[in-house]
Amino acid sequence: MTPYSSFLFFILLGILLLPTIILGLNGKRFQAYNMFISIIILALIFSHDLHGVIALCLFTIWQVLLISGYLAYRQKANSGFVFCGAVIASILPLFLSKIWPFLSHPQPHHPPHNLISFLGISYLTFKGVQLIMEARDGLLKEQLPLHRLLYFILFFPTISSGPIDRYRRFVKDEQKAWTKEEYADLLYTGIHKIFIGFLYKFIIGYAINTYFIMNLPAITHNKILGNLLYMYGYSMYLFFDFAGYTMFAVGVSYIMGIKSPENFNKPFISKNIKDFWNRWHMSLSFWFRDYVFMRFVFWMTKKKWIKNRMAVSNIGYFLLFMLMGVWHGLAPQYIIYGLYHAVLMTCYNFFEKWNKKYKWLPSNRWTTILAIVITFHFVCFGFYIFSGKPFHHHH
């Protein structure tokens with residue numbers, strides 16, 4: 001059962017969350033109950049997928065051993081090699097799940113069963129890597145209580161597609177004793193978000209896909225216009241589908257007393273590509289910014305291998321977006337999508353510097369509108385690449 005994809009899922013979820021809501025509105029602690037229903041809901045999600053359950057359990061044991069082991073090691077020593085080893089070991093299951101389809105030679109009609117992969121592996125990997133990095137930075141000092149670590153890794157509302165939370169932020173919410181009034185606020189916000197999610201995913205997103213994208217052959221026979229309309233349609237569909245999905249995840253988290261981070265902030269009114277990545281899939285881009293880009297820039301500055309700061313940040317962007325592309329998958333569209341955004345970020349970097357120097361583009365209402373329109377088209381073209389449509393040859 002895929003999370004948030006059927007009304008049955010919401011009905012079961014509603015029934016299971018009732019005790020949480022009653023406890024919360026009476027100002028009582030509900031985290032132990034939440035941990036209990038998390039197990040039930042994970043069992044529901046994976047009910048038809050025994051491979052998935054086994055993979056999830058093995059993956060979780062692997063990550064917990066790695067994190068606990070590295071934390072224990074970090075209290076005594078701090079070698080860069082051990083740190084890199086731990087990070088690589090943490091990413092290994094995800095890496096294997098990505099290359100698995102290429103390793104096993106499938107018959108064209110029977111895709112091989114990916115034994116390593118399971119729903120949510122890409123998002124859970126972020127949690128493991130993040131904990132190891134925070135231990136390295138000395139932000140996590142003592143061993144993490146097992147139940148709390150497991151609850152963080154396996155927190156079901158965000159398991160399949162994020163948003164990506166941070167351990168210390170999560171635990172602060174998890175340990176907090178919400179008052180009746182605070183919980184009533186959380187509950188209201190959560191339900192509100194869930195209804196916006198219904199609007200986005202099941203009404204707007206569904207309508208765009210069913211009545212626009214599916215009907216494109218009937219709307220126009222012109223190939224160029226057809227592709228252009230597909231680009232706009234797909235970009236809108238992607239946003240409403242994914243933002244709706246995120247609304248569900250965040251809404252359910254709020255009802256469970258966890259304020260999961262937001263993922264979208266009006267991405268289509270971004271004034272430039274940097275602004276776009278601060279508004280689109282924010283928990284993902286901030287994760288890459290903090291754990292890949294900043295580390296890389298810091299490391300380069302410390303080692304003084306490349307003196308030019310502009311070059312360092314541009315190489316950092318290529319590293320970040322190539323990783324982000326590969327993280328989505330190894331199909332050509334994802335890798336080209338990553339490259340495309342790296343090039344855009346680099347060009348914008350140069351433009352920004354140049355514009356600061358020569359004041360070529362004045363800042364007023366019209367240039368802002370122009371900037372939004374230009375950014376929007378660059379972004380949509382990126383999604384057009386991402387959709388894989390340019391790579392499908394029609395017979």
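Just so it is clear, glycine is given a Cβ too, placed from its N, Cα and C backbone atoms.
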* To do: Using the annotation in Swiss-Prot, determine whether Gly27 and Lys304 are placed on a common side of the membrane.
  => yes
* Structure fact -> Sequence-distant residues near the topological domain 'Extracellular' (1-6) by C-beta distance (under 8 Å, 6 or more away from its ends) are 44-45, 47-48, 119, 156-157, 159-160, 197, 201, 245, 248-249
* Under 8 Å by Cβ from His328 (active site), same chain, sequence gap 6 or more -> Tyr334, Tyr337, Gly338, Phe386
* Structure fact -> Long-range Cβ contacts under 8 Å made by the transmembrane segment (365-387), restricted to residues 6 or more beyond its ends, are 227, 230-232, 234-235, 238, 267-273, 275-276, 280, 328, 333-334, 336-337, 340-341, 344
* With DSSP, how much of the topological domain 'Extracellular' (47-50) is helix, how much strand and how much coil, in residues? -> 1 helix, 0 strand, 3 coil
* Dominant neighbour of the transmembrane segment (7-26) in 121-137, 180-223, 225-256, 309-328, by Cβ pairs under 8 Å -> 180-223
* Structure fact -> Checked against DSSP, the composition of the topological domain 'Extracellular' (329-333) is 2 helix, 0 strand, 3 coil
